[in-house]
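This report concerns only the one structure given below.
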Amino acid sequence: MGSNAGALEPINETLGMYSQLFMLLAAMAYVVVFVFFALDLAKSNKTIAEMDAAALKEDEKLLVGAGVGSVSKMGRGRRGEEVRPDRVSEDIVSDKMNYTKLSANRPMARIAVALMWLAMLLHGFAVVSRAFAAHRVPWGNMYEFMTTGALVVSVVYLVVLFFKDLRFVGSFISGLVTLMLCSATIGFPTPVGHLVPALQSPWIVIHVSIAVAASALFAISFAMNVLQLIQHARMKRIATGQQDKLPFMRLVPGAGALENFAYRINTISFVMWTFTVIAGAIWAEAAWGRYWGWDPKEVWSFVIWVVYAGYLHARATGGWTGPRSAWLSIIGFLCVVFNFTIVNIFFNGLHSYAGV
Amino acid sequence: MAKNKRNAKNAGDAPALGFVGSMRWIWTQLTSMPTALFLLLLLAVAAVPGSIFPQRSANPEVVVQYLEQHPVAGPWLDKFQMFEVYSSVWFSAIYLLLFISLVGCILPRIKKHAKALRTPPPRTPAKMQRLPQYTSLEIIEGESDTPDDDQVIEDTYKILKKRGYRVERRKDATGRSVAAERGYIREIGNILFHVSLLGVLAAAGIGQSFGYGGQRVLVEGETFVNSLVAYDSFTPGSSFSADDLPGYSVKLDKFDIVFDRESKDYFGQPIDFTAHVQVRKDADSQPVEEELKVNKPLRINGADVYLVGNGYAPVVTVRDGKGNISYSGPLVSVPQDSVYTSLMVLKVPDASPEQLGFQGFLLPTAVIGEDNISRSADPNAINPLLQLNSFYGDLGLDSGNPQNVYVLDTDKMKELNNRNLKAGGISLAAGETYELPNNLGSITFDDLKRYVALDVNYDPGKLPIAIFAGLALLGLIVSMFTPRRRVWVKLINEDGKRKIEYALLARGEDPRLEREAVELQKIFDKAWPLASQEQDLGAVNG
């Protein structure tokens, strides 16, 4: 860093305008993505129902032929995987969340993913051009946190899609990204500008980027945990012979698979959050003379850390797995959102300059 | 014995445990995982009020204000230590209990793991089919590379050793086998993480008690010599002694602010603060020129000096009614807005025949608005103007009660200059002098300087905290991402066919166990000629 800030490069206002324009275009594109993911849920659900009906007939034939009596609807596989009552969706959505032969059979989802790439590229241009316009990292204020954070969510999701079939959270993710872009553009419109002196530190690159990445992962595991709870409740209903009220959940893996996947993500994001807090403390020491001063932002970062630590311990404790630990993860994410929004806007603290 | 007797007497009641028994019961409860989990979540909840209510440690003046505004709820909240949450009895109780619980949990684990490290991998189970990730492979006989029994065991030993397992060759009634375990470091990482957290807490506590914090306002040209009297406010730790203050000095030559002049949205927003200072490590050493910035503290002899604020200090001279200079020097003013409209209060107790008091504003760039009222248009001092009211009489400084230097107590004073009076208010540009009415004296605006507010901090715990935090992170990563798993490989002879059976067992979370099983199979396939894989019998359900 140059010692003389008089040498700060001037802001490129024109590029900044283009950035804002592309941000709007990206938001619109994500809306379309959301619609296609929603259409996919509706359509695939119908297809699966038809296939299920066909398979059921075949099953009955087979069962009669084999002379097997009643088959329990719920059970546990040898590896502890749930055997699900809606057996056809097993072929479409595997509990390991891998792509299967039948998973290609979702045209709406394929269109949604292709469009999401387009939206992400527009979004990426908007974020990167803003960085170039300001000659610095694009996360110096609330608008920039939100737009860059949304980009991270989008990119992480699209990359994970290469390896795992997570299209069942597509509507959640595209909805979340749209929401983030809209609230950034409407709630915190901020023209591109220089960083205030308090933020001029190499630590902004490390501390904030890891915080944003960790939050993006927390968001994904939150989605998984919510679906886990819904799936859990649904399975319970079905097991007691009640009607399946949420048939679109056939597209979603079993509760156990969701729980395990969310846990894996949470271990990574917990480590990243720990690093965020440590890096933040080091920066705080350089700027304010102490690692930790219980500033509202610090308090809530601590609360988040403790809640997720509780979640990890709960998973290791008998009787606290399943829905209970899922709730802890959900509360943890709500704290992340709270820290990101309410604390930034309404709580007066040393982090306030980063607010609005 | 005594315990038994009592038990017999109160057969219907809960069994009496006696003192030692009760203590043991409490200890067991406290160190159990559900208790730890409960305390952990309680800690999260208990931390929240500190973000809602103002805290004395951070903003004591806001707490005073809050108490004034909430005369009913305020004192109650204060009783429950809501304004010092993080040093409160209840918050301390939670985290101390949590750490005791942690110690009680960690100690047995250390003991257990120390034993595990010296214990060979466990016995090969008789029925391996029951384990997860079970595979059975048949050895094809008669090939050129068909291994004999010794070869199989030896190869397996080498393969597993290479993959980081601790391996043991076995021979018992059921046959020959290899037992292996890896990932002992997972538990070491876990223990390291928890112990390091204790380290952070201890280092923070010890560091705080030996350290100190202080504030000082320094005007351009002034020198701060590190000693108790030089501080405007000083907070020592409980074990701090004033002899520990290193005798360095910091002279503020010049303070520069760069304002944004290009952007129309952020015109006038500060984008850089630089204090040019001369530092002497001790009284004898040569001064060294250094730059102090917001994110770049001075680190001198273990103490750190931070730039936390700044403002204007107009230099004024006040002569009293007798013509004597009764005040001369810079006066620290408090910026109120982004254009540095700054509040200033001047008390001149040495003036005679009457004590004098002034209060008003400094406008760095004064412009006259349509309503004929001057205001500041820019944070830089382009056209500085002092706008003051004056008072004479008793400043109230003789009562002995400490006064706020930024508040003028006008109870026993009479107004001398005010816009509403005939004499009008005082309006002084740089270099100008104003003669007070009634021959009570004069005030001159000599010069305008800037000042910086410095926080000085010494905390010997900083380095140990950083080290423990680093170790905690390292331990966390190791404990999260190194899998602990066991493998057994068994050579069996069934119906004249030789088979290799193997099974994997995860200890703790291990989402990649299956991948390891597949990987092992690939390696075995390469090592020996194998056929007919029988995998996961019974996994195909109903």
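Backbone N, Cα and C atoms are what each Cβ position is placed from, and that goes for glycine too.
Curation plays no part in TrEMBL annotations; they are all automatic predictions.
Features as listed in TrEMBL:
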type: TRANSMEM; residues: A:20-42; note: transmembrane segment
type: TRANSMEM; residues: A:111-133; note: transmembrane segment
type: DOMAIN; residues: A:139-351; note: domain 'Cytochrome c assembly protein'
type: TRANSMEM; residues: A:145-163; note: transmembrane segment
type: TRANSMEM; residues: A:170-192; note: transmembrane segment
type: TRANSMEM; residues: A:204-227; note: transmembrane segment
type: TRANSMEM; residues: A:270-293; note: transmembrane segment
type: TRANSMEM; residues: A:299-314; note: transmembrane segment
type: TRANSMEM; residues: A:326-347; note: transmembrane segment
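Between the transmembrane segment (A:270-293) and the stretches A:145-163, A:170-192, A:204-227, A:299-314, A:326-347, Cβ pairs under 8 Å are most numerous for A:204-227. The recorded stretches the transmembrane segment (A:170-192) and the transmembrane segment (A:326-347) do not share 3+ CB pairs below 8 A when only pairs 6 or more apart in sequence are counted, and are therefore not in contact. Residues of the same chain lying 6 or more positions beyond the ends of the transmembrane segment (A:145-163) and with a Cβ under 8 Å from any Cβ of it are 23, 30, 113, 116-117, 119-120, 123-124, 126-127, 130, 138-139, 169-170, 173, 176-177, 180-181, 183-184, 188, 208, 212-213, 215-217, 219-220, 340, 354. Packing against the transmembrane segment (A:20-42) from elsewhere in the chain are residues 106, 108-109, 111-112, 115-116, 118-120, 122-123, 125-126, 129, 147, 154, 167-168, 170-171, 174-175, 177-178, 181-182, 184-185, 248, 251: each is 6 or more residues past its ends and has a CB under 8 Å from a CB in it. Sequence-distant neighbours of the transmembrane segment (A:204-227) (same chain, 6+ residues past either end, Cβ-Cβ under 8 Å): 137, 139-140, 145, 148-149, 152-153, 156-157, 160, 168-169, 172-173, 176, 195, 249, 252, 258-259, 261-263, 265-266, 268-269, 272-273, 275-276, 279-280, 283, 308, 326-327, 329-330, 332-333, 336, 340.
Confidence for the domain 'Cytochrome c assembly protein' (A:139-351), expressed as mean pLDDT, is 89.
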